[in-house]
Amino acid sequence: MAGTDPRNRELSLMDKQISSLLEICLNSNLYSINLHCNQISKIEGLRHLCYLQHLDLSSNLITKIEGLDSLASLQSLNLSCNKLTRVEGLEKLFNLKKLNLSYNSIQDLTGLIPLHGWNHKLSHLYLHSNCINSIDEVLQSTVGLNCLLHLTLEQNAKGNPVCHALGYREIILENLPQLNSLDGLDRSGDPVTAHEVDSMDLANLDFLEYLITFDSGRKEVKESLTGPVKTARIDEVLTKYRKHRDSSEAINLNTDGTSSSEHDVVRFQDNSNMLREMRIKKLEDQISELLVKASCPKSEQTKLKAKRDTDITTESDSESTKENRKGSTTKRTPGCHKTSQTSKQQANQQLKGRTSYSELKQNVSRKQSLSKRKTDIETSLSSGRTDTDSTGQILGKPHAIGGSLKKKGELVRNSIEESTYRALVQELDQERERRWKAEQVVLKLTENIKELQSQAKEEKGINSMAVYTTDRIKELLLKEKNAKSKLQELIHHLREENEKLMDELKKLKCKEEDYQKAYKSMEDTLAKLETQNIQKQALEMKQVQETERKVSASQREIDLLRVALRQQKEKVNQLHEVLTSKEQLHRKELESRVALNGPEFQYALAQEMAKEEHHHSQQIHSFQEKINLLTQQYADLEDEFRAALIIEAERFKEVKDGFDNVASELAEHKETVHRCRQKEKQSATLMQELTTMVKEQKARIAEITKAKQEIISDLKSKIHSLEKVAEEGRQKTVQTELLKKEKSKLISQLTAQESLIDGLKAERKIWGQELTQQGVSLAQDRGRLEAKIEVLSNEIESLKKQNERDADALRIKTKIVDDQTETIRKLKEGLQERDERIRKLREENIELEKVLQEQSDERTAQLEELKQKLERQTERKEEVKQLLEEKEAELEDVKKAYSAMNKKWQDKAELLSHLETQVRQMKENFDAKENKLIEERDKSLQCQKVITEKLRSVDDAFRRQLESVLSAHQAELIKLASDKQKEIEAANERVYQVEEEMRHLLKETANSKKIMEEKIKRLTGALSDIQKEF
């Protein structure tokens, strides 16, 4: 169990307000434990975790390192952010590779001395932010750590008092040749990568591969800025469990599109600042020397200068004079031009670096001082700029001739000095311009940094949400893993119990064989005793014959025999009493004992057998019903999966049909493209976003169970953007409404799929509950079987006791026979002695034969009585033999019963093996069905991938067709527009011609009207004249 399933051996209880390790039920098969940010004050209850490799107890209240002696497999130990004052209790951690004791109050490192040598494997040691004072103690405790590669006593400006000692780094690197890096820097001073130093930080996070780094947002930020931005990755932050992170992120911006590390930038800035300061000092020295030189000849002129000449020139005047005289200064001062070029290069390099707030203050102060110096220099220059006319007016007429000669010499000198001053002032102006540009760049950079920090905070919030979701998903997976592990433990426990029962059966069989061997040995001893008894009877007959022959030998021998007979009579009486008492006891026992062949015992056995058979048949029937139910449920699940696949295929077809409908609608609306080009562009962007949404949703359907909340957040953001675009599109076109309807359909499909997934999860939970019920029923059956086993074991013990009693009776009988044999031996010895005595007394007996003949009759009668007694004893022996035969018959009956019990046990063992085979078959069938389902799921995923690829290809082809159609349509529109313009022009010309014709016609009609009116007037006049004449 310990090595089969390593995924079920992780425990994460971060920030659960745990105050003691004894509150947690820790499985002995755990691989890693994370108890970060709790209230644990003592390390205890970890002795049984022999497989533990990663232990995180950071951010707790631990004051002493203890209770870790039994963790032989521990590889990484994190005790940072606790209340430790010394290192101890690490002697038996032979496999420890990484030890983090940072952010404590450690002063004593002597606990690292037992880790010296090649037996321990400590390679990473973190001791930053502690109270270590002496280098000697550090060297003493770390010299013998032969595997130590990375030692950190200072990190992120949080170190120990030792780090401030002179030559601290050189001393430690000289005395510890095994070190590769000290405080995150290798022996050459280069920073060590996080992969080399923190290669073991990802011990218990299994689900970080499902977290998405937000690169798209960063790309937008990079495009908005002048250069790329580097931020700390989310995965590296998660590996450090979000503790003791640096508040400042490494953000490097470049104006030319290239970025460098912060370390190089800081060095370069220091070098450039030093060069600038040296250059400014040289310029100040040159200006001071020139001022000192110019002070002597100018002291006379300053008295005679007018106030209007001593006014300070403005920046615009100085700049104009600089521009007018730039050519002369460049010719005279090539060195200054070189310095200006170098200063430009330095300014460009300065723009590549990152400036801090303190540097900005220094630059501002320097600029103020330079501006003051510049104004002083300009005042001096303006004071030196005097015209010949003004000087002539001030000096007056009497000194005009002598002063003119002096002025010429002074003007020559002043021109040289002014040229040098102007060059220096130009350099200062250039420096000022560069500083001003740098300030503007710094302001832009600070604004960009603020924006990036706000974005980083938002990303941190999103990452925290992602971590929370991963924690919840991990907890759910751990619960499922624990449930699976519990079921496996139950199965393993049942197997162990079955093995124990099999072992007990084997032991019982061995005991049976031992009993059979003992029974055979008893039979052999009984046969030997019977042969010995037969031999003894033959010897007794011989002795009786010898006694009959020798009775007439001597009366003394008869007296002795009488005494012996009396003694034997007493012994026989005692034996008779003992035998009668034992016979009575044995009869009582037989009366109280139930006969194995009796009807009552057989009736009880038959009832119990019938009950057990009925119960066994019921169990088999219940198991078959459960199997049928499980098969039906599995078939129902398969049908549901198939129905879900069919529904998904139908929905995919519906989406495709909707997509085709949209394409047809777009083809229908091509006629109105010339009126709403901008609207079509917006709709095209919306279509692209919707197609990307569809692709993302289809690609993430398989990953919904792992990253559901992330997908929902993305969907919400995209839905908000789509809603904004849709609000604009509602006012402009009807097409956006159709797209919104399709979007709502897609959302409803997603909700339906989520409901299906929830239903599948509920069915999975029901399935787990049914499995638990089956486990409970199996446990109940196991309890019943254990009760039956206990009853049968009690019966076996009673039978054993009966066997022991029978064996005791047999032992008693054998002891009686042994006593009889001892008496016979004693008689034999006495007879031998008597034979010797008889031999001695034969002579005496011959003399007394005559006297004893009369007494011989009486003695013969006594001998007859003795013979009768011997016959009775023989009859008693025969009765004892019959009893032995009966006991043998009883033993045979016991053997038969024992064989029947063995058969029953074998039948039960066969039943158990049959049940085991059925359980294995069920498990194999279940595993096969699971594999089939997994294969079907993989096939469906592959089909989905193929379909998505086809959709993408179709989408690309459709886009190409759309682009080609749009281009053709645009060309046609252009042609139509040109044709229509031509037609409009022709129509306008025709209209103009028609208007002219109409105007001409109107003029002609007007003329004709006038002519007609004149004719009518003439006619009326003529008619009136005719009437007058008549």
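Placed from the backbone N, Cα and C atoms, the Cβ positions cover glycine too.
Quick look at what Swiss-Prot annotates:
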REPEAT    7-28  repeat 'LRR 1'
REPEAT    29-50  repeat 'LRR 2'
REPEAT    51-72  repeat 'LRR 3'
REPEAT    73-94  repeat 'LRR 4'
REPEAT    95-116  repeat 'LRR 5'
REPEAT    121-142  repeat 'LRR 6'
REGION    298-401  region 'Disordered'
COMPBIAS  300-311  compositional bias 'Basic and acidic residues'
COMPBIAS  338-368  compositional bias 'Polar residues'
COMPBIAS  378-393  compositional bias 'Polar residues'
COILED    432-645  coiled coil
Remote residues contacting the repeat 'LRR 1' (7-28) - C-beta distance under 8 A, at least 6 residues beyond either end | 34-46, 48-51, 204, 206, 241, 471, 474-475, 478, 481-482, 484-485
Stretch in 29-50, 51-72, 73-94 most in contact with the repeat 'LRR 6' (121-142), if contact is a CB pair under 8 A | 73-94
On the DSSP side of things, how many residues of the repeat 'LRR 4' (73-94) fall into helix, strand and coil, could you say?
-> 0 helix, 4 strand, 18 coil
Looking only at the repeat 'LRR 4' (73-94), what is the mean pLDDT?
-> 90
Within the repeat 'LRR 2' (29-50), how many residues are helix, strand or coil going by DSSP?
-> 0 helix, 3 strand, 19 coil
Reduced to three DSSP states, the repeat 'LRR 1' (7-28) has 5 helix, 3 strand, 14 coil
